[in-house]
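**Q** I'd like to ask some things about the structure below.
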Amino acid sequence: MSRLIVKNLPNGMKEERFRQLFAAFGTLTDCSLKFTKDGKFRKFGFIGFKSEEEAQKAQKHFNKSFIDTSRITVEFCKSFGDPAKPRAWSKHAQKPSQPKQPPKDSTTPEIKKDEKKKKVAGQLEKLKEDTEFQEFLSVHQRRAQAATWANDGLDAEPSKGKSKPASDYLNFDSDSGQESEEEGAGEDLEEEASLEPKAAVQKELSDMDYLKSKMVKAGSSSSSEEEESEDEAVHCDEGSEAEEEDSSATPVLQERDSKGAGQEQGMPAGKKRPPEARAETEKPANQKEPTTCHTVKLRGAPFNVTEKNVMEFLAPLKPVAIRIVRNAHGNKTGYIFVDFSNEEEVKQALKCNREYMGGRYIEVFREKNVPTTKGAPKNTTKSWQGRILGENEEEEDLAESGRLFVRNLPYTSTEEDLEKLFSKYGPLSELHYPIDSLTKKPKGFAFITFMFPEHAVKAYSEVDGQVFQGRMLHVLPSTIKKEASEDASALGSSSYKKKKEAQDKANSASSHNWNTLFMGPNAVADAIAQKYNATKSQVFDHETKGSVAVRVALGETQLVQEVRRFLIDNGVSLDSFSQAAAERSKTVILVKNLPAGTLAAQLQETFGHFGSLGRVLLPEGGITAIVEFLEPLEARKAFRHLAYSKFHHVPLYLEWAPVGVFSSTAPQKKKLQDTPSEPMEKDPAEPETVPDGETPEDENPTEEGADNSSAKMEEEEEEEEEEEESLPGCTLFIKNLNFDTTEEKLKEVFSKVGTVKSCSISKKKNKAGVLLSMGFGFVEYRKPEQAQKALKQLQGHVVDGHKLEVRISERATKPAVTLARKKQVPRKQTTSKILVRNIPFQAHSREIRELFSTFGELKTVRLPKKMTGTGTHRGFGFVDFLTKQDAKRAFNALCHSTHLYGRRLVLEWADSEVTLQALRRKTAAHFHEPPKKKRSVVLDEILEQLEGSDSDSEEQTLQL
């Protein structure tokens, strides 16, 4: 665990000081102090280190030590969801809600209040019949509640009798249209009208107030009925969404209406405004500012306009909200704000400018009073809705996509660290770790794609919440982006050429189409013409002596040799290019198919657009180059964008270089600067441009270096052959092993005598499926002498309390399973004959002779033909030199990258025993059955086998 929790920190602790205390013990990846929501320090913090060793040192040093006057406690953190994690006891931690049981003796304050009210009500009931108490109440009541002409004496009984006739007398004069429309639903209207106190009954109203109340009610009732009917029609068209927005736009009005609903029923109509008029006057306060940036303003609207008229005016558009502006008196001002959902609807609404609505032309323009945050509209998504997918993203289940999004990564981590962490769960197909373009440091999140989705599910369940280099990882399922190549290939209208380019670009990272030192024939011809001060037409002149194809092939061979010499001088290991299945680099790119005369500055400009470059190696002639990036992410971006893209007039062929392509770490900028920018002028001064008939003085060291490298390769090949070959007498059979002895312990004992090639203990499964040792095993050495030495020295040696019984094993060692996947080791040179494969069918034997005769005198050139003996050859041939030295020189020159008629020649050393008579004998044995043996011969062979087995058993008994 590389993450620590530090408890009981002093109150004055700052993050800078906290970081400085622990920075002396290693690289910090996280440093945080914890505070409450109010900003109060909780006296603990977290520290993350890059490695566990650094965290252990810091924990050992600071645990139970003092900072100022506080004794701190330093402990290792637990992973999220760890069952051994201690339970939080702080008051700030979330605790499960448990209902509190009230004590038995205690009573709630609500019960006490109810008891007090009941007691007061009981006392008032007793005093109702008391006349003196009623007189006391009438005297002490408020003057506003009693008429000035009323009698001060107690006159309760007459008032009760007079109230009914008065109301009955004035009931006929009441207007049925003035009945209140705000009574509860389900009650009879006639009963409400008879029970409701009318304006004429209220004595405190004057005649003028009574008339005013009649006028306001009539106007408001008619207008409210019209608006309600229009609103109902609009709401039916818009749906429930508009209702929710209208209700949310005026929450203050709803509160005021709900509070004053009960008060307005008993209040005079003239003293208080109707709710409709009050709502209209209060609307502008909330609707001066547009709610979104997609708002248009309508000016010059009729004063009797409704939302239905606005909807008809803007049809077929469907506005999100319509706000009709009113002044303080509730009158419409002719301005209307209309909100739309996107910018396209706004542009269509602006086309309605100066069109007519109700006999008046309307001006439509964009609202200028828009919030400062221009661009996208407000994010109306809720937290529970999750992230909205982008245009090029599609949602897919983790069990199908196999792609993870990892965040809270340390800024000091690398792609290798992430690959090591996640490759434990399965093979990875892609790892995308974004970096900052300025600082070149990671952004703290990455995308991991597994080859098999079930491995991604396993990694998601185990890695989420784990501590990685001092920080707690957060892993989420990721979305998948649609690849542009698939879209391009799916279009039916695209031409075949575009489809082919998209397919080549998609397969650019595949290793099946890579050729390390590939050179285009057109670029080869240009380079040859520049080298020998000739024209391109002279290079392709078919009337001159010799074949044009052979001439281009020899020119390519010479250029390849110069490129190899240049790469060796610049610290490039050519041995890495010969390994086809080698691991590929993530930062070094081989750039091929460049036009002749390409400059290093042009490559720097092309590739430097995608990131920082390290070394750019461009040999003379400018046909093949090596470009090194400093960051893997930038290298992948350049590879993805530039593969098969047009450079000048030819497509670029890119290939990832093998790992270890540079033998030296420091870049040699001098070589890059010395690269000739004008090869035509500087060719005579360069040693590489010497014609074929002359040999420069500086060429010997390079030849010696090539010979040394070839000698090293031969030694390595011999060692590999020795490892693969199992000589007799190298394997020991060991008995009487302890069942607890492991293969590592046995190998450690026998490796003291010599180099152990393999060590195995025979095991079998029990009923539970557990492998158990059988008490014997085998140890194989590289040489028989080492096995004999171990037999003498370790006979009877005690291992885990058991004396070993050692003897030479006669069984043939079974090859390991991994040997079948090893690369084929090329044959050694035993003769002067070379087997040439992949010969183009249009090539003739004279062209093969012309090509190979450049390196020495030939003995024979044979191209086997088909079975019929007529027509073309079979695509391979044999070239036999007079001497082995000439054959070796030709093999080393032509085996790298020599193309004849566009096909690369593949060279191998022919078998010395393969002759014409041997081939005929082998073919006859394949098609004809061997002659039957006589019975006597078969019996003799059986007797010989039995005698041999008896002698072997006797020797074994003597040894025991």
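Backbone N, Cα and C define each Cβ position, glycine as well.
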**Q** For the set K126, K481, K763, say which residue Swiss-Prot annotates with SUMO2 cross-link.
**A** K481
**Q** Annotation phosphoserine per Swiss-Prot: which of the candidates S106, S176, S223 has it?
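**A** Comparing S106, S176, S223 with the record, Swiss-Prot tags S176 as phosphoserine.
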**Q** For the candidates S413, S709, S936, I need the one that Swiss-Prot annotates as phosphoserine.
**A** S936
**Q** Using DSSP, what's the helix, strand and coil tally for the domain 'RRM 2' (294-369)?
**A** 15 helix, 29 strand, 32 coil
**Q** For the domain 'RRM 3' (402-480), what does DSSP give as the number of helix, strand and coil residues?
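**A** Tallying H, G and I as helix, E and B as strand, the rest coil: 19 helix, 27 strand, 33 coil.
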